[in-house]
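What TrEMBL says about this one:
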ACT_SITE  K68  active site, for sulfotransferase activity
BINDING   K68, G69, G70, T71, R72, R151, S159, Y259, K274, G275, R276, A277, H278  3'-phosphoadenylyl sulfate binding site
DISULFID  C260-C269  disulfide bond
DOMAIN    59-298  domain 'Sulfotransferase'
Amino acid sequence: MTLLLLGAVLLVAQPQLVPSHPAVPGPGPRQQELLRKVGTLQEDIQEGAATNGSTQQLPQTIIIGVRKGGTRALLEMLSLHPDVAAAENEVHFFDWEEHYSQGLGWYLTQMPFSSPNQLTVEKTPAYFTSPKVPERIHSMNPAIRLLLILRDPSERVLSDYTQVLYNHLQKRKPYPPIEDLLVRDGRLNLDYKALNRSLYHAHMLNWLRFFPLGHIHIVDGDRLIRDPFPEIQKVERFLKLSPQINASNFYFNKTKGFYCLRDSGKDRCLHESKGRAHPQVDPKLLDKLHEYFHEPNKKFFELVGRTFDWH
């Protein structure tokens, strides 16, 4: 009953979208009042919370993308830290209207139980490329810290295709070869959604309309695959977490061909759906992809003030 009341109150209290404006360093009066109500209602549901005093909190950090950039690996590695409580599933609150219309009360119920000293994290890779999401997250909490993991745009396109291909195969549905999707009338098919998702510069511009660059930490997804520990150390520092994750938490699994995790003496690897081999692609088509992303990549490097080892 109390959770239903929480959802109803916050659906009414949810702020309306506002015109674009520069990012501000902290929540304004309206956001402060909204978050105060959330805090009050959180106290009301603590009787039903775990006996150790944990409760559900709105996330202080969100992994916003990018799809097929390594978001699941990043979340699993970050979860090694004792002060991190991670939502298990992709919530899709800010990008799916049927979820967003239910208000922050519903969003709160999707979060894990956590202690007061823990950082609540959720990840939904589709956020990065969804036009409405930056403003909506800013309306909830303009001081939130965001994690964005990116990899070589061409490789990301191939991973995107591979995931959809396997989804179709599992359902015994046909799916065209990648060449049929990437090429139309001898040119790259710019209507192919996987290409658009790799235009990082265009999407990043939308996020920087609402958040300063200092609130968005970009994780190098290619380096995370090759040598995860240094990248996770940077994430710890960005989130102002104590250095708890160690090099001993990672080991290279020769059978799988990528790093797995070791936590409290227990080994675990990512799901078998991760790290699938990409389809064989004509080198000339790969060259077209690299050429297409060359200028957008340069613009992205200039925008964020750093470079990446991409084609």
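Using the three backbone atoms N, Cα and C, a Cβ is placed for every residue, glycine included.
Overlay of TrEMBL annotations on the structure.
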residue: K68; record: active site, for sulfotransferase activity; CB count, 10 Å: 24
residue: G70; record: 3'-phosphoadenylyl sulfate binding site; CB count, 10 Å: 27
residue: R72; record: 3'-phosphoadenylyl sulfate binding site; CB count, 10 Å: 18
residue: S159; record: 3'-phosphoadenylyl sulfate binding site; CB count, 10 Å: 22
residue: C260; record: disulfide bond; CB count, 10 Å: 17
residue: C269; record: disulfide bond; CB count, 10 Å: 16
residue: H278; record: 3'-phosphoadenylyl sulfate binding site; CB count, 10 Å: 13
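Each residue contributes its Cα atom, and for K68 (active site, for sulfotransferase activity) and S159 (3'-phosphoadenylyl sulfate binding site) these two points are 6 Å apart. Note: the Cα of G70 (3'-phosphoadenylyl sulfate binding site) and the Cα of C269 (disulfide bond) are spaced 14 Å from each other.
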